[in-house]
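Listed features, source Swiss-Prot:
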REGION    1-24  region 'Disordered'
MOD_RES   Met1  N-acetylmethionine
MOD_RES   Ser11  phosphoserine
CROSSLNK  Lys15  SUMO2 cross-link
BINDING   Gly42, Gly94, Thr95, Thr96, Ser97, Thr162, Lys163, Gly411, Gly482, Glu483, Glu497, Lys502  ADP binding site
BINDING   Gly42, Gly94, Thr95, Thr96, Gly411, Gly482, Glu497  ATP binding site
MOD_RES   Ser170  phosphoserine
MOD_RES   Lys222  N6-acetyllysine
MOD_RES   Ser243  phosphoserine
MOD_RES   Ser244  phosphoserine
CROSSLNK  Lys248  SUMO2 cross-link
CROSSLNK  Lys249  SUMO2 cross-link
MOD_RES   Ser252  phosphoserine
DISULFID  Cys366-Cys372  disulfide bond
CROSSLNK  Lys381  SUMO2 cross-link
MOD_RES   Thr430  phosphothreonine
MOD_RES   Thr459  phosphothreonine
REGION    526-545  region 'Disordered'
Amino acid sequence: MMGHRPVLVLSQNTKRESGRKVQSGNINAAKTIADIIRTCLGPKSMMKMLLDPMGGIVMTNDGNAILREIQVQHPAAKSMIEISRTQDEEVGDGTTSVIILAGEMLSVAEHFLEQQMHPTVVISAYRMALDDMVSTLKKISTPVDVNNRDMMLNIINSSITTKVISRWSSLACNIALDAVKTVQFEENGRKEIDIKKYARVEKIPGGIIEDSCVLRGVMINKDVTHPRMRRYIKNPRIVLLDSSLEYKKGESQTDIEITREEDFTRILQMEEEYIQQLCEDIIQLKPDVVITEKGISDLAQHYLMRANVTAIRRVRKTDNNRIARACGARIVSRPEELREDDVGTGAGLLEIKKIGDEYFTFITDCKDPKACTILLRGASKEILSEVERNLQDAMQVCRNVLLDPQLVPGGGASEMAVAHALTEKSKAMTGVEQWPYRAVAQALEVIPRTLIQNCGASTIRLLTSLRAKHTQENCETWGVNGETGTLVDMKELGIWEPLAVKLQTYKTAVETAVLLLRIDDIVSGHKKKGDDQNRQTGAPDAGQE
């Protein structure tokens, strides 16, 4: 008996699962995540209401926003959530479809694993299918003229129709297009569109959504420092600083020993002279506005006010950069180094308005702003947050088209066209790999199928007729009308998606499926007993599933 004792290699606290059990566990986890998100696809999508740990409410149908709030335990589910974030950062749209596709790719693979097919065979078939998917997409894509405003609005509209903001779609499309066109920047033949940095969304509760607009310039939530300063200036000369207009304390807070009273008065006098000198350096350039990221002392305010200069202090660094881009000023670190060409003269108007209880500074009517602020008004914070998320998506879509002006038909049409191409190609294939290859084509149909399901139409009947349609010549633009659940030509309906978004969606979905199929072992460590006691109140540990 002694020889048959089991040998313990792993520590007793660890739990190990391997083989088929792990694979089916991963596939189920991915399917669960995909099922949560499935109803959020298309124009007839449902909303999800999430309570975050702080008790705040998030209402959204944006795939990435939902998954960000969900807390999961299974490692495979975590990687699914990660891909939606990647998609959001990379192209800003398609977060819902990428999760649904990845879930479906894994779901169709389960059948082959049950038949004892080796995961590597499935993976290589998936890889081949991905290459063919990419080439088919490029074949059916059409170039677009980015200067054609109506066409651009149409593209953005297709992305917006699935969101809450679709009720105000023409307003939202115009806002997104204007904002992106404003921050577009070409240098040495290289296009740069940085929405995150230079197109800021400011949400102010109150008013109605129709009051929202794009400002040709910048808005900041600040008031002037001194009540007697001007609040309405036409064609202002703007000076931007990132140093404070206060007396410099010694860097190491040096102590000074004073023996006579005159010394103390002299020190105070020096402080005043220093501040006066700073202000004179600035006033020499005859600016109308001084904006600084740091503080302004009372004395400096007094000097500036006497020179009829408006001062604004403690502005965020990002806002300062935006003001610099909008009015053509340079941010200066030392007032004594100010020169004439550091002054921004590109703004047409500086105005300080009171909205609700707060004061806002508007720097608008800029001649050639390379930064802008989108001002959103609306009934409540929740609605504003959702509208902001939707606008971000719309701006990303617009940015993708400007950077890569290629389009593919929306509404599940490109998925069906690619699926049809894969099915045709699989007929010429021999060997075991043809089955998983064909399954990829099957998995792609999940997008039109979900669109049909979400608007409550008959899935089987419509999918069959859509398949039949795609076997005919020149019918690759036929898809599902998400509003009514009927089959239509997307060209006529005007529903297009940027090629960049589609390519990223397919690549990410297949890569994730491949990654999760590769896993055949999960070793999870237990928490130590002490940690266990501390966390009794929280959720159970990952090791104790």
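The backbone N, Cα and C atoms fix where each Cβ goes, glycine too.
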Disulfide-bonded residues compared (Cys366, Cys372) - the one with the fewest other Cβ atoms within 10 Å: Cys366
Tertiary neighbours of Ser11 (phosphoserine) (same chain, Cβ under 8 Å, six or more apart): Gly525
Fewest-neighbour residue among recorded positions, criterion Cβ within 10 Å, set Thr95, Thr96, Ser97, Ser170, Ser244: Ser170
Pairwise Cα distance for Lys15 (SUMO2 cross-link)/Thr96 (ATP binding site) [Å, integer]: 33
Alpha-carbon distance [Gly482 (ADP binding site); Gly411 (ATP binding site)] in Å: 7
Alpha-carbon spacing, Thr96 (ATP binding site) to Gly42 (ADP binding site), which is rounded to whole Å: 9
Spatially closest candidate among Gly94, Thr95, Gly482, the listed binding-site residues, to Thr459 (phosphothreonine) (Cα to Cα): Gly482
Least Cβ-crowded entry, counting other Cβ within 10 Å, from the recorded positions listed as Lys163, Lys222, Lys381: Lys381
Ser243 (phosphoserine), number of other Cβ atoms within 10 Å: 15
